[in-house]
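If you check TrEMBL, you get these features:
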- Y4: site 'Interaction with substrate rRNA' (SITE)
- H19, H42, S100, E118, D143, G144, D164: S-adenosyl-L-methionine binding site (BINDING)
- D164: active site, proton acceptor (ACT_SITE)
Amino acid sequence: MLSYRHSFHAGNHADVLKHTVQSLIITALKEKEKPFLYLDTHAGAGRYQLSGEHAERTGEYLEGIARVWQQSDLPEELAPYISCVKALNHGPTLRYYPGSPLIARQLLREEDKLELTELHPSDFPLLRSEFQKDSRARLARADGFQQLKAKLPPPSRRGLILIDPPYEMKSDYQAVVKGIQEGYRRFSTGVFALWYPVVLRQQIKRMVHDLEATGIRRILQIELAVRPDSDRFGMTASGMIVINPPWKLEQQMNNVLPWLHRVLVPAGTGHTSVSWIVPE
Ligand code: SAM
């Protein structure tokens, strides 16, 4: 089943959280000279046109990136992320939104590598055309979960693995845990970042429980909710689960989340949290 298109949701509050975390991890990895791999298991199309039919139909970005990108008191933790949004929009009008591969492309160095996987027959060609001239990148129209076995460990022995499935199928909640377990077995020093939506809280509780049961340590959970949990109103929150987070990430997210929540949710509903599922 491949009915999910990220173009309907690009730039929403969940993307703002995900891409903030992604950009802070990449920035931390760049503090060491040694190159690293960025592996994106579910890469999407790369670039999203916000004036396009899909984005306009839902208008989700209007309650996401549109509220954030031109604020005058932007916290420093958002600087790498917002620099990517600005690099794609030459001027004051928000026309395009960078997906995770374009954020990585903008922030990675010449010596770093990208491995990008996308399965959708319409989105894969769009992604491929974005990266045609980038010799750092390798693209595959393949199953992202398989890449956690096929591409790890990277020769550089350093890397960020972003796992961002659409959760169209309920089995994705189990597949992500199995995939992480397989990837971690091959590359236990990698930084693994898993995105999740909160649609039914019980599904997330079960997924977190399954992750705990793997025995993996150093698992940080970061969440931003725009509404209280509910079983009736679709996605009320989203989060990032990060294994082996850079040491500053916990503090950085504690600094920036109250600001993000205030700007993204003027009504003040929902919550933010940063907590360890499993500590050191
Ligand atoms: N990571 C992207 C970003 O932040 O810009 C968004 C990705 S979107 C949430 C999920 C993507 O996974 C969709 O484009 C979908 O076509 C793709 N997809 C679904 N199943 C897949 C699979 N088994 N392997 C790889 N890609 C898959």
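Including glycine, each Cβ sits where the backbone N, Cα and C put it.
Heads up, TrEMBL stuff is auto-annotated, nobody curated it.
Residues H19, H42, S100, E118, D143, G144, D164, recorded as contacting S-adenosyl-L-methionine, have a largest CA-CA distance of 22 Å. For H42 (S-adenosyl-L-methionine binding site), the number of other Cβ atoms no farther than 10 Å from its own Cβ, over all displayed protein chains, is 24. Set side by side, the binding-site residues S100, E118, G144 differ in how many other CB atoms lie within 10 angstroms of their CB, and the most is found at E118.
Take the CB of D164 (S-adenosyl-L-methionine binding site) and look out to 10 A: across all protein chains shown you find 24 other CB atoms. With every protein chain in view, the residue among the recorded positions Y4, H19, D143 whose Cβ has the most Cβ partners within 10 Å turns out to be H19. Separation of the C-alpha atoms of D164 (S-adenosyl-L-methionine binding site) and Y4 (site 'Interaction with substrate rRNA'): 12 Å, rounded to the nearest whole number.
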